[in-house]
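A short worksheet on the structure shown next.
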2 protein chains.
Amino acid sequence: MTDFNQTRAAFDLPEGVIYLDGNSLGPLPRGAAERVGRMMTQEWGSLLIRGWNEAGWYVQPRRVGDRIAPLIGAEPGSVVMGDTLSIKVFQALSAAVAMRPGRRVILSDSGNFPSDLYVAQELVAALDRGLELRIVAPEEVETAIDDTLAATLLTEVDYRTGRLHDMAALTARAHAAGALAIWDLAHSAGALPVHLAEAGADFAVGCTYKYLNGGPGAPAFIYVAPRHAETARPALAGWMGHAAPFAFDPRWIPASGIERMRVGTPPVLGLTALEAALDIWEGVSLDAVRRESIRLSEAFIAAVATRLPGLPLASPRAPEHRGSQVSFRHPEAYAIVQALIARGVIGDFRAPDIMRFGFTPLYLTLAEVEKAAGLLADVVLTEAWNQPEFRVRAQVT
Amino acid sequence: MTDFNQTRAAFDLPEGVIYLDGNSLGPLPRGAAERVGRMMTQEWGSLLIRGWNEAGWYVQPRRVGDRIAPLIGAEPGSVVMGDTLSIKVFQALSAAVAMRPGRRVILSDSGNFPSDLYVAQELVAALDRGLELRIVAPEEVETAIDDTLAATLLTEVDYRTGRLHDMAALTARAHAAGALAIWDLAHSAGALPVHLAEAGADFAVGCTYKYLNGGPGAPAFIYVAPRHAETARPALAGWMGHAAPFAFDPRWIPASGIERMRVGTPPVLGLTALEAALDIWEGVSLDAVRRESIRLSEAFIAAVATRLPGLPLASPRAPEHRGSQVSFRHPEAYAIVQALIARGVIGDFRAPDIMRFGFTPLYLTLAEVEKAAGLLADVVLTEAWNQPEFRVRAQVT
């Protein structure tokens, strides 16, 4: 039985803040700083180089991957940590196109996070062999899948609107067309139940600083379906993905299984903070998280609709078609988000006109959500955003 | 005036250990754990997502790069942090070969760290357009440079032998042949004076967990010569290297200058530990470090030679041809290194028969070095290594 009072108590949340931006950066798990401090003084400080063996740093990317796997419906041993999400996209995509040498199209959609598109574009340009990145509207993905495709590269939950793709259906359709399916779980992992194995996904990637609360710049994960694990070959390979890293063989021989997706030395500090964050998930049911997320987001939509009936919802209205966020559009979205932050409600602006609010049941209560909706209405109705300090657009938002 | 008593006091060193492996993983800087803890509680914990602006996380890769630059003789604004060394090798090499479209050879040497070779091999295989990775012996590099080369990919200091390449001469020769020069500074940065700008290097990469003491898995750096900074285009590109990351443009438009080499979200915990480590370098002269490193390593060689005259030195005898390490060969190198570790002297084994000892004047004294040489001789002469517990080869060393 998931106890959200208990999970909430596992975070250090600042006073007076209603945090609706855990879909961008999750909050600090209580004890994470102490855990990292212990790793630094007792492991790095005392063991020095011996920490790679004696403190288990070397196996940490797999150990942590094995804890992520059940959260995303992946087979044991099919997930490994490292680098950043964009780098893992690059590995998955380069491996996928190499596995479909006769195919020339990578299909993505305009709701994908731009970095995924950048990775694909620059890979296509570098490979210079007639590959094409085809970008369609999210609702056109299904019909755009045909037998010219090498792979689909899709983010399950749209970072702006929260629109949720049907992973199982699109994966099946990709497979029927002879293509591979790569899923970006940036806004899925820890937000809702994900069933990679059940859906038959070929590759998946994700970050851990959002719903998994690993901290700023926390390492990414990559999943390779076990049926591909001995053949997938990323264009970007390093010594930690070698079959025998410490043989210092001059040729790269890929490690067996998911380990081949490792590249260089793993970020031990970041992985250690993430381990503390993953402790919170012990005993938590993602079905319960999903139910509570829907309860919170429905309450938010209802409360906003009552006071701001004209405010356009940018997210799908039906909760089964949304991830764990709700977005509204307003021409003054940026200034409104700033004014809300000044009132203690932290949401996100996404260009050009999106106000984005994330719902994270592990630490967010219904009372907070209702209060946030009220404050949003106050700001919009009183034009509290229409003041100089909220209208100066910061360079980084 | 560099005061090595002061720099030594800036580290938390375990009692009873003589650490000759700072060329693999530097020790814990005093205060680094506290600094990371403060970042976690006061920045992540309190500011949450606002930390990207208000705590300067977003600009941290450049801010830290600007502190690395003077240590490697790089122009201000020419260095940025992120990812791992292998990933930065991939970016530099892919950018370099794209800048020399008519050329087909990448030249490296058999003393290069295998991961650099793996990156090159897998890039060549993925690009599949007739590129060739040519690997020659280190001493043959100079004569192997010809006008078929797109780029040289060399590590300045050989990870096994400590052999030091002449960066200025080889770079000049590469340029005379119309090729670009990429330098891996893994065993150079913080070990000896490096003059990237003066040597005319085109690209350089390095890690920060060795002589720069950034901790296990600390982030890497990449240097692009300012003359290439507006044209270099890596095959691996992400949103933080976009000209306007928060415009969420669907096309990748490279940022001006070195920023384009950023990929994804930076590892803030790792960068923060590194910042603490870089404080120690304030006021330290790399010329003084080099002088002291030579004094220590010469003393070590002399002391070992006195007691073990037959032990083959694997490093160049002349200090001007060595980095900051000394290696010996012995068929039982692995077991000897284990037996030495049991006596508190931490060195490194590198397959097949290398015992490798790093000299790090920031925290290593002459007395320690002489004691270590004596203990090495004791172990070898008494065959103390010839005991079961030292002869079991661990999987990871």
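Using N, Cα and C of the backbone, Cβ positions are placed for all residues, glycine too.
Whatever TrEMBL says is automated annotation, not expert-curated.
Same-site candidate for pyridoxal 5'-phosphate binding, as annotated by TrEMBL with A:LEU85, A:SER86, A:PHE113, A:PRO114, A:SER115, A:ASP116, A:ASP184, A:HIS187, A:TYR209, A:TRP239, A:THR265, chosen from A:THR148, A:THR152, A:THR155: A:THR155. Sequence-distant neighbours of A:LEU85 (pyridoxal 5'-phosphate binding site) (same chain, 6+ residues apart, CB-CB distance under 8 A): A:SER115, A:ASP184, A:ALA186, A:VAL205, A:GLY206, A:CYS207, A:ALA220. Counting in whole angstrom, A:TRP239 (pyridoxal 5'-phosphate binding site) lies 29 from A:LYS210 (N6-(pyridoxal phosphate)lysine) by their C-alpha atoms.
Residues within less than 8 Å, Cβ to Cβ, of A:LYS210 (N6-(pyridoxal phosphate)lysine) and separated from it by at least 6 positions along the same chain comprise A:GLY22, A:ASN23, A:SER24, A:LEU25, A:GLY26, A:ALA186, A:HIS187, A:ALA189, A:GLY190, A:ALA191, A:GLY358. Proximity to chain B, defined as a C-beta distance under 8 Å, is registered for the following recorded positions out of A:SER115, A:HIS187, A:LYS210, A:TRP239: A:SER115, A:TRP239.
Look at A:HIS187 (pyridoxal 5'-phosphate binding site): DSSP puts it in coil. Within the same chain, residues at least six positions away from A:PHE113 (pyridoxal 5'-phosphate binding site) with a Cβ under 8 Å of its Cβ are A:THR155, A:TYR159, A:ASP184, A:ALA186.
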